[in-house]
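One structure below.
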There are 2 protein chains.
Amino acid sequence: MIENIEYDALLERFKRVLRDNGLKYTKQREVLLQTLYNNSEHFTPEQLYLYIKERHPGLNVGIATVYRSLNLLEESGMVTSISFGVQGKKFELANKPHHDHMICRQCGVIVEFEDQIIEKRQLAIAKEHGFKLTGHIMQLYGVCGECNKQKIKGI
Amino acid sequence: MIENIEYDALLERFKRVLRDNGLKYTKQREVLLQTLYNNSEHFTPEQLYLYIKERHPGLNVGIATVYRSLNLLEESGMVTSISFGVQGKKFELANKPHHDHMICRQCGVIVEFEDQIIEKRQLAIAKEHGFKLTGHIMQLYGVCGECNKQKIKGI
DNA sequence: GTCAGTGCAAAAGTTTTGCATACAG
DNA sequence: CTGTATGCAAAACTTTTGCACTGAC
């Protein structure tokens, strides 16, 4: 096992949240967190379930546990969910370094980016409205260079 | 019926999209568009269905038509959907003036806002990546002033 | 008149729940 | 040991589809 201070800190935080709420630390929950940590993709509960089953054949997981854990993690603020267009709700770790998404409507390619100017404005805006920001998702929709040539009839 | 140039333009655009795609203009579709236009709220398909049934008792609508129409409108780019927290996917008109959403994780309240600095940066970023922007969704997640007092144990 | 649109009900898909067992604390 | 977590299967909920009929063009 490769040492990873960042992940260790995340795990500690996870354990603390569990402890603080009288919940238990189980292998299933750790694997879930680990999977979200190791993959920058956004998972639907279904995908996460299949992924874990495949990568951890020894571990018995049920889809119900995945749902229960995701809801738990989301409630505690460690995980966030968003939805991209038609596909269902997707989950990702909440405390990844700030990043945003640019999505091609045509081919679905996702480009991640980060912009300090926007980050700062977001904080300021939240403050103006009395919100305590816990996270954000910015999704820019458009057509990527590749797809620009084959545009369908739209608006 | 009160005159409303903005709505008329929207309706025209709608009719054109329908025509261009060989689709038909029906009362159900118009009522749907009208409802989205008249209400700044974000509707789930279910909510929209109930709302229309209530406000247009004469018009027979099925939930299936609501789903079909929303998907159609979304595909054509006239309507967008977002999802936040536990509640399902919600729809709104796509061409409202640019605005973004700040969502309370706790109570689900949505505050709309708009910020020119961010709008401009978005355009610039898209350009940098070769994207032609067609829209965007920015969702700031947090805890609103009201809910801040009753915060559950989280991170 | 033709063919897309509709409501309804059934089907498919998604998420939650009940329960008996397993296992963390 | 106690009580939470789990897997499984059933239940609840959400979304889509098939079909016969309606209505826009």
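Each residue, glycine too, has its Cβ placed from N, Cα and C.
Taken straight from TrEMBL:
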BINDING   A:HIS98, A:ASP100, A:GLU119, A:HIS136  Fe cation binding site
BINDING   A:CYS104, A:CYS107, A:CYS144, A:CYS147  Zn(2+) binding site
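With a threshold of 8 Å between Cβ atoms, the binding-site residues A:GLU119, A:HIS136, A:CYS144 that neighbour chain B are A:HIS136, A:CYS144. DSSP gives A:ASP100 (Fe cation binding site) a strand state. For A:GLU119 (Fe cation binding site) paired with A:CYS144 (Zn(2+) binding site), the C-alpha to C-alpha distance reads 24 Å. In the three-state DSSP assignment, the secondary structure recorded for A:GLU119 (Fe cation binding site) is helix. Within the same chain, residues at least 6 positions away in sequence whose Cβ sits under 8 Å from that of A:ASP100 (Fe cation binding site) are A:GLU112, A:PHE113, A:GLU114, A:ASP115, A:ILE118, A:ILE137, A:MET138, A:GLN139, A:LEU140.
Of all the binding-site residues listed (A:GLU119, A:HIS136, A:CYS144), A:GLU119 has the fewest other CB atoms within 10 A of its CB. In the three-state DSSP assignment, the secondary structure recorded for A:HIS136 (Fe cation binding site) is strand. In this structure, the C-alpha atom of A:HIS136 (Fe cation binding site) lies 23 angstrom from that of A:CYS144 (Zn(2+) binding site).
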